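Engineer: The signal peptide annotation in Swiss-Prot covers 1-18. Taken from Swiss-Prot, the feature active site applies to H38. The Mg(2+) binding site annotation in Swiss-Prot covers E58, D60, D118. Per Swiss-Prot, the feature active site, nucleophile maps to H74; the stated evidence is experimental evidence. The disulfide bond annotation in Swiss-Prot covers C78-C84, C80-C223.
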Amino acid sequence: MLPYIVLVLGCWSVLSQAAQTDDEERAGNRRPIWIMGHMVNAIGQIDEFVNLGANSIETDVSFDDNANPEYTYHGIPCDCGRNCKKYENFNDFLKGLRSATTPGNSKYQEKLVLVVFDLKTGSLYDNQANDAGKKLAKNLLQHYWNNGNNGGRAYIVLSIPDLNHYPLIKGFKDQLTKDGHPELMDKVGHDFSGNDDIGDVGKAYKKAGITGHIWQSDGITNCLPRGLSRVNAAVANRDSANGFINKVYYWTVDKRSTTRDALDAGVDGIMTNYPDVITDVLNEAAYKKKFRVATYDENPWVTFKK
């Protein structure tokens, strides 16, 4: 009887290891997806969107006349079906976000791993962009990263709508270096969100001295239709040997059909007002084998080619 039990246990161990290896291989071959909760501008919305399935959020940042980040505010017009006027003081939002992304905090949301700051620099003159970057860095360092002492752990994407505002990137980096925390740039990525020609976007990054950590967005309000031609161009750049893009995301996607189209195109992120819709599609048999929700272990700056 004993040899039989040993044989059974041995077979079970082999099968378990094989199953684990199979799971790991399936996970490794599936594209990690960032489900980006759109227009999360009030602290209470952080939990709301994460609980619906978002593993990342997008937050609007408005600036005052002196290039100080002021509010997490979008304003009218915004997406159809949304309240455009919710907001917080920027630094208050950062503190709430820090609580949600700091392990051990009572408000901690483990699934929230990336934050896109949609920087509303349209109110600024071009010559204020560098200063805006410096002031943004100081605010994040103090109120989100807690001056480098057990601050929030989420990765950050600085999304800039105007290619001419590329000096914001240098100002941000220079300020973190001046304040003694250049290592925090490891947690920071970049995006130009103005739907510009991909070639022009690449030129802006060259001017900014940036290689790597690049997300490329494409999209339009959910009130209007938009094709995937530019998404396809961004994905082609990402997958090419000499491309500069690491990740591609599409906004604002609220329909299952559009979600499927975006996934089929090979995007890495989908920005949405309804994270549960994206989650539902990812759980469909045809997509569950190809995609998975990204976790904190995923490096959002690493390219996953189609």
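Keep in mind that glycine also has a Cβ here, set from the backbone N, Cα and C atoms.
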Engineer: Looking at the recorded positions E58, D60, C78, C84, whose Cα is closest in space to that of C223 (disulfide bond)?
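Structural biologist: With Cα distances computed to C223 (disulfide bond), the winner among E58, D60, C78, C84 is C78.
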Engineer: For C84 (disulfide bond), which of the listed recorded positions (E58, D60, H74, D118) have their CA atom within 10 A of its CA?
Structural biologist: H74
Engineer: Just the number: how many Å between the Cα atoms of E58 (Mg(2+) binding site) and H74 (active site, nucleophile)?
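Structural biologist: Here the two Cα atoms lie 11 Å apart.
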Engineer: Cα-Cα, whole number of Å: the residue listed as 'active site, nucleophile' versus D60 (Mg(2+) binding site)?
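Structural biologist: Pair distance, Cα basis, whole Å: 6 Å.
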Engineer: Starting from the Cβ centroid of E58, D60, D118, the recorded Mg(2+) site, name every other residue in that chain with its Cβ within 8 Å, sequence order please.
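Structural biologist: Other same-chain residues near the Mg(2+) site: H38, M39, V40, N41, T59, V61, H74, V116, F117, L119, K120, S159.
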Engineer: Out of E58, D118, which of these binding-site residues shows the lowest number of other CB atoms within 10 Å of its CB?
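Structural biologist: Relative to the other binding-site residues in E58, D118, D118 has the fewest Cβ atoms within 10 Å.
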Engineer: Can you grab the distance from the residue listed as 'active site' over to C78 (disulfide bond)? Cα atoms, rounded to a whole Å.
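Structural biologist: Between the alpha carbons of the residue listed as 'active site' and C78 (disulfide bond) there are 11 Å.
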Engineer: Cα of D118 (Mg(2+) binding site) to Cα of C78 (disulfide bond): how many Å, rounded?
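Structural biologist: C78 (disulfide bond) has its Cα 13 Å from the Cα of D118 (Mg(2+) binding site).
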